[in-house]
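**Student:** The annotation ATP binding site is assigned in TrEMBL to 36, 37, 38, 39, 40, 41, 149, 192. Annotation comment: TrEMBL describes 62, 83, 84, 85, 110, 111, 112, 113, 153, 164 as ribonucleoside 5'-phosphate binding site. Residues annotated as CMP binding site in TrEMBL: 117.
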């Protein structure tokens, strides 16, 4: 029942904006890169300079769990049982956050994590990403950054970090390869300083300023 209500709300929100539906106007950029590649830092700069809304699938899932609603309890139970949260659930959370933002330009960080996520996003939302911003960084550098950032995260230990690297390679690289075959990947050398990286990122987003001026 709750799912049906959510779906109806999404349909109602897909109103015309300047004569076009939200699906036609929304600009989505997937931001991918291994743990420690600097995605979060660069997304913050893109938001500041280019007016994008930054969405993280992981943050949305955590917020839904903390809300204590029926959907959140279901997600929490699945995670506790070691099950993978269905792609459709994550996509619906992203879709709702996009509508509620009031914006039409989005950075979706750390998603899609795998081919199933990718297919579900395009099927459910009807939106194809403008491009994939891929922060390419050697594992040695990402490892150094994660061990040195001292944020108190329990997953910032060498064994867990290396497992996260493997998950990224096994699951996310096929997504990058798929979009690369379509000419949609913009690869950035993320091993440099954050200022140097952003200097390479900026030109990719200037057209969005021009088209939304």
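Cβ from N, Cα, C; glycine included.
Burial and contacts for the listed features, if you can.
**Tutor:** Counting Cβ atoms from all protein chains shown, residue 37 (ATP binding site) has 26 others lying within 10 Å of its own Cβ.
Here residue 112 (ribonucleoside 5'-phosphate binding site) comes close to 30, 87, 118, 120, 121, 172, 175: these same-chain residues lie at least six apart in sequence, with C-beta atoms under 8 angstroms from its C-beta.
Cβ neighbour count for residue 117 (CMP binding site): 21 (other Cβ atoms within 10 Å of its Cβ, all protein chains included).
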**Student:** Please identify, from the binding-site residues 36, 38, 40, 110, the residue with the sparsest Cβ neighbourhood, meaning fewest other Cβ atoms within 10 angstroms.
**Tutor:** 40
**Student:** With the cut-off set at 10 Å between Cβ atoms, which of these binding-site residues ends up with the most neighbours? Options: 39, 62, 192.
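**Tutor:** Sorting the candidates by Cβ neighbours within 10 Å, the top entry is 39.
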**Student:** I need the CA-to-CA distance for residue 117 (CMP binding site) versus residue 36 (ATP binding site), whole Å please.
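**Tutor:** Here the two Cα atoms lie 22 Å apart.
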**Student:** Could you state the CA-to-CA distance between residue 110 (ribonucleoside 5'-phosphate binding site) and residue 39 (ATP binding site) to the nearest Å?
**Tutor:** 8
**Student:** Going by Cα-Cα distance, pick out whichever of the binding-site residues 36, 41, 192 is nearest to residue 84 (ribonucleoside 5'-phosphate binding site).
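**Tutor:** Checking each of 36, 41, 192 against residue 84 (ribonucleoside 5'-phosphate binding site), the shortest Cα distance is to 36.
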